[in-house]
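Report on one structure; see the data block that follows.
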Amino acid sequence: MTPPGSIRTAANRYGSLLQICCLQSPISYSLARPVHAHMIASGFQPRGHILNRLIDIYGKSSKLEYARYLFDEIPLPDIVARTTLIAAYSAAGDLKLSRKIFSETPLRMRDSVFYNAMITAYSHNHDGHAAIELFCDMQRDSFRPDNYTFTSVLGALALVAEKEKHCQLLHCAVVKSGTGFVTSVLNALISSYVKCAASPSAQSSSLMAEARRLFDEMPNRDELSWTTIITGYVRNNDLDAAKEFLNGTSEKLGVAWNAMISGYAHRGLHLEAFEMFRKMVMSKIQLDEFTFTSIISVCANAGCFRLGKEMHAYFLKTVANPAPDIAMPVNNALITFYWKCGKADIAREIFNKMPDRDLVSWNIILSGYVNAGCMDEAKSFFNEMPEKNILSWIIMISGLAQIGFAEEALKFFNRMKLQGFEPCDYAFAGAIISCSVLGSLKHGRQLHAQLVSTLFIH
């Protein structure tokens with residue numbers, strides 16, 4: 001039998017090694033596997049916190065089969081293991097398995113962190129009603145919400161239609177809980193009021209004023225506080241108030257500046273957007289992919305070819321070897337810009353040189369050919385696409401219908417359905433227009449009936 005002291009020594013050593021692995025994300029898995037293998041080879045039986053740490057590493061590394069195997073090997077998994085696996089399944093988008101673990105956990109074992117994990121799972125997987133309902137269950141089960149609970153459930157508010165009512169109820173719950181002075185909770189509450197105010201279903205005109213009051217009364221503000229209130233005013237089309245707040249802070253808030261540029265662009269205030277970009281550069285605020293995509297889009301919509309070329313050159317000069325998540329959206333914006341300015345050859349050259357392309361990239365080129373009336377090139381390019389989404393089909397169907405190629409438009413519509421894509425209203429519109437061109441009243445009525453049926457079902 002192995003002496004208890006030796007077991008404790010081994011457990012401490014393995015625990016320390018796994019702790020180091022946890023700190024090395026995103027390579028935690030590749031570091032933890034040899035440690036786990038050494039445990040097995042040496043005959044060490046991991047228990048308690050070591051098993052939980054392994055489950056955590058495997059779960060966060062998307063190795064759910066390993067995490068689940070270890071979980072199932074535990075005779076009675078503790079609340080840490082259960083919470084960890086809920087979070088792992090949630091991150092993988094498997095809400096059903098997260099809920100199964102939650103439901104199978106006895107009430108006597110649960111704690112607030114466990115409820116928080118499930119509320120966050122609902123929020124991250126776009127089920128706002130379930131998140132709010134579980135928050136209410138949590139209180140009925142006599143578990144006290146903490147700061148993290150409120151930030152999670154307030155984040156879920158944007159997903160529900162009755163957000164205004166729930167926002168006020170959660171505000172009351174925050175006050176009663178005594179967390180109304182916590183910066184992260186107040187930021188989430190301000191964000192909720194901002195989103196409620198911007199909702200088309202908002203009934204009260206005082207929601208943005210309430211967000212402003214909360215901001216003004218905050219004992220401590222951080223960068224997110226300023227960003228939330230500024231972007232809130234932008235979302236609610238009060239650019240003057242947003243600019244006033246932006247000028248009132250010494251923080252270099254890149255997200256807020258980007259929101260201002262986007263807000264001006266959305267309202268067609270191109271000169272103001274250009275001026276905001278100029279000030280951003282002069283203030284030495286970090287420019288990111290959102291900055292460049294926004295200002296390049298302004299150039300495209302304003303028809304400013306020379307300025308757009310300068311932005312292209314500035315991006316190449318200031319961002320050396322951009323990462324794919326930065327380069328791809330900027331390249332997509334540049335392709336759109338050059339297409340709109342009639343420079344199809346440059347747009348196609350950028351596309352051809354892109355090391356990575358997404359569906360947006362392919363659809364932009366496809367749309368460019370269609371808008372230019374180059375349907376032969378569009379059809380050839382469409383057939384080259386490695387994958388297609390519903391937008392790809394809509395571009396072709398609408399393009400063919402608009403230039404009178406009705407029979408081909410209907411063929412594409414039928415091909416789309418055979419490929420397993422459910423037609424949306426835009427696809428139906430293109431098909432119905434094609435029936436009108438062909439004088440096919442019977443087929444048009446059938447499509448109209450399908451459209452009405454689809455809208456009724458959804």
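Every residue, even glycine, has its Cβ placed from backbone N, Cα and C.
The repeat 'PPR' annotation in TrEMBL covers 111-145, 253-287, 358-392, 393-423.
For the repeat 'PPR' (253-287), the mean pLDDT of the prediction comes to 93. Across the range of the repeat 'PPR' (111-145), the DSSP-based residue counts are 26 helix, 0 strand, 9 coil. Within the same chain, residues 79, 82-83, 86-87, 89-91, 93, 95, 98-99, 102, 105, 152-153, 155-160, 166, 173, 177, 179 sit at least 6 positions outside the repeat 'PPR' (111-145) and bring their C-beta atoms closer than 8 Å to a C-beta of that stretch. Here the repeat 'PPR' (253-287) has long-range neighbours at 223, 226-227, 230-231, 234-235, 237, 239, 242-243, 246, 294-295, 297-298, 301-302, 304, 307, 318-319, meaning same-chain residues at least 6 beyond its ends whose C-beta is under 8 angstroms from one of its own.
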